[in-house]
Amino acid sequence: MLIIAAAHLVYCPFTKVEESFNLQAMHDILYHKWNLSQYDHLEFPGVVPRTFIGPLFISILVAPIVSLLQLFEINKFWAQYIVRFALGGCVIAAFHVLSRTLAKIFGPKWQLWFMAVTVTQSHFMFYLSRPLPNIFALPLVLLALNSWLKGDSKQFILLSGAAIIIFRAELALFLGLLLLYDLINKRITLKRFFQVALPAGVAFLLLSVVIDSIFWNRPLWPEGEVLWYNTVLNKSSNWGTSPFFWYFYSAIPRGMATSVFLIPLGLYFDERVRKLCVPTLLFVLLFSFLPHKELRFIIYVFPFLNATAATACHRIWENRNKSPIYHLLSLGVCGHLAVNVFFTLFLLSISGTNYPGGTAISHLHRLAKDEANVSVHIANLAAQTGVSRFTQINPNWTYSKVEGVMAGAPEMYEYTHLIAEARSKFSPNLKPYASTHDIIDTIEAFHQLSFNYLTIPPIKIKTRPVLFILKRRENYREFLQMRNYDFEDGMLEETIIEDESQEEEKIQEAESEQNVTIDEVIVPKNEETNVTNTTSFEDVKNETKSEVVKKQSKPINVTKKLKPVEDKPLNSTEERQTVRRNIKKLIQKYRRKKESDGELESKPKDTIKKIIEEEKMKQAEEELSKIQQQIFDIIETNPNIINKKLIKQRLRETITSEFMNVKKLKRVKAKPRQVDDSAVDFYEPPQDEVKEPTPETEDEEKLNQMSERFLEASKKIADIMTIIDEIVDTMEISEDSEEV
């Protein structure tokens, strides 16, 4: 039994949020001792307080071993194994005491079946080393059951009182039913009960209040507050509710596996197990009235239920040679143990994927083992699924579990590494870190089970990404600085051609005051940031909007002395207007230079629009290429997609076809308008002239609108990637599937 429990412990060494308090308490007692200010529960107290008596007892047991680990500078994650193994050892020791007492009643051969049934089941063996309040109470419950079987009423009352008052108040239902059985059968008198229970109850209550008040820095009885919260206020239902009979049709069958079918046979074969099984099932029935249900709440009932199943196995096996039916049943009871083993292995493999936080912190320690001055922020999901103080093994690192900080907040960039919660690399939680951090690892966790009866095994465990490990780039400050100066305008082309007729007069006035060369600064200097952005018309032709706006370079000397202006900060509206004027002046200079060289047509506006349209199509083509590659990445990394080559080919053809349709439409040209050669650079009709729309101008306007819609839609495709990832993850796509 000890070996099987150790195997469960080694395969799933991490813990979840329900176990967090007791695990952190044992760590703090062992490593911080009386320095209570460093204790985890003062920073993260949890919903209700818990007692320190259980963690204190286990810590005293393992303190010499942990001291040796500290002496030889062995990382403290091994201490987590040790404290859990010590807790499991206490449960196993109490279980063996109960087993020997039961063997005196049912026989030594029966005991072999009892042990075989227990160790082949999943949940009892899985939970007995986990630092849950129920497991700290379990050794006391097993010893109390042993005393009840032996008829030692005083010891039974003492052990029951300790378990109820210190650890789990709901045990009053289970142990109270056994006490009621003794009172009805006159195994104990009511007077004797009060003589033992009253002084013992007061003593246990004082013990809990004194010890826990010291650790919590306030007077309290932890289990009393838990009882008030869960039972009187019924706030435990905030954590989920289950149907009334959930324990009977879900929890007990999962906990016992195929052994549950032997309970009726055990009750039929031996009436002695009825006094064990009936109070047990009655406790489960009464406890079902509480809406919030978990299997660990009834972990105490499995020894007596297994005793009933073992009775059926023992009786059938002993009578296997008496008739063909018994012989067939004997093969069944042996086979059911094998089925239990396979079921346990299956559940254990699922459990191993339920602790992504522990996996993430261990991966991070391996990936960054040679780095110094590491500071890590641990997301809430990671803290709830495996990260504990025992896993914080590097004394030179800084670990933070600060909650309530939004993704992309300034304080998040102070950490060198992040364990961030996200469902894919396109998740909104990761977008703020796209330019400042690199994803160095992805952690997956259990998602669902898929059934395919044509494969072996027919059940497949599916996982999906839940945590991402990010590493901050060395030049992250530059990207943050660029992000702060990103413009709120749309595309650069819209900035150039927007409101031409309204801005023409302002441009001419500005041009008469000062001359600007192509090399001049086009973005005004902001006093608050002291950053200057520069660009040239060649940049306008060859770079996308985001690259132009964010491009940063050294200030360039102005060839001609500019007219001095007032040194005052510009607001956002004035800054955008200044940028627009300077860009248009730059375009005019470029056009005039080309006109003088004979390289530009007499209709400069059409030429510039042509350049802009070409730039739009180029940008759209680049964006679609990136999006197509993102979809290909999803297809390549998804194990459920069988014919990846066919799907990628169809996707490529579809995107190419749609893009070519837009390019064909853009080639439609409007008829040229007759413009006098002496006209101004940007033709503007008289203000009193009412210009009637023509089919040509309407076509041109429609084409421009279509191009803008196409570019806008291409950007939105990136936001759909997360949805595509989730849908593909839940589909089984075959070679001839029409879901492509």
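Including glycine, each Cβ sits where the backbone N, Cα and C put it.
A TrEMBL annotation is a machine prediction, not a hand-curated record.
Marked as transmembrane segment by TrEMBL: 52-69 (among others). Listed as Cβ neighbours of the transmembrane segment (52-69) (distance under 8 Å, sequence separation of 6 or more from its ends, same chain) are residues 22, 25-26, 29-30, 76, 78-79, 82-83, 86-87, 90, 131, 133, 136-137, 166-167, 207-208, 211-212, 215.
Feature annotation from TrEMBL assigns transmembrane segment to 81-98 (among others). Only residues 6 or more beyond the boundaries of the transmembrane segment (81-98), in the same chain, are considered here, and those with a CB under 8 A from a CB of the stretch are 1-2, 5-6, 9-10, 13, 23, 26, 30, 58-59, 61-62, 65-66, 69, 118, 128-131, 135-136, 138-140, 142-143, 145-146, 149, 303.
Taken from TrEMBL, the feature transmembrane segment covers 157-181 (among others).
Per TrEMBL, the feature transmembrane segment maps to 193-216 (among others).
If you look up TrEMBL, you'll see 244-269 (among others) marked as transmembrane segment.
With a cut-off of 8 Å between Cβ atoms, the residues of this chain six or more beyond the transmembrane segment (276-291) that come close are 170, 173-174, 177-178, 181, 230-231, 234, 236-237, 241-242, 244-248, 252, 263, 266-267, 297-298, 301, 304-305, 307-308. Residues or ranges marked as transmembrane segment by TrEMBL: 276-291 (among others).
The annotation transmembrane segment is assigned in TrEMBL to 297-317 (among others).
Outside the transmembrane segment (329-350), and at least 6 residues removed from its termini, the chain residues within Cβ reach (under 8 Å) are 8, 11-12, 116-117, 120-123, 125-126, 254, 257-259, 261-262, 312-313, 316-317, 319-320, 446, 459, 461. Summarising the annotation, TrEMBL assigns transmembrane segment to 329-350 (among others).
Feature annotation from TrEMBL assigns coiled coil to 576-637.
Feature annotation from TrEMBL assigns region 'Disordered' to 682-703.
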Candidate ranges 157-181, 193-216, 244-269 - greatest C-beta contact count to the transmembrane segment (297-317) (under 8 angstroms):
244-269
Model confidence over the coiled coil (576-637) (mean pLDDT, whole number)
63
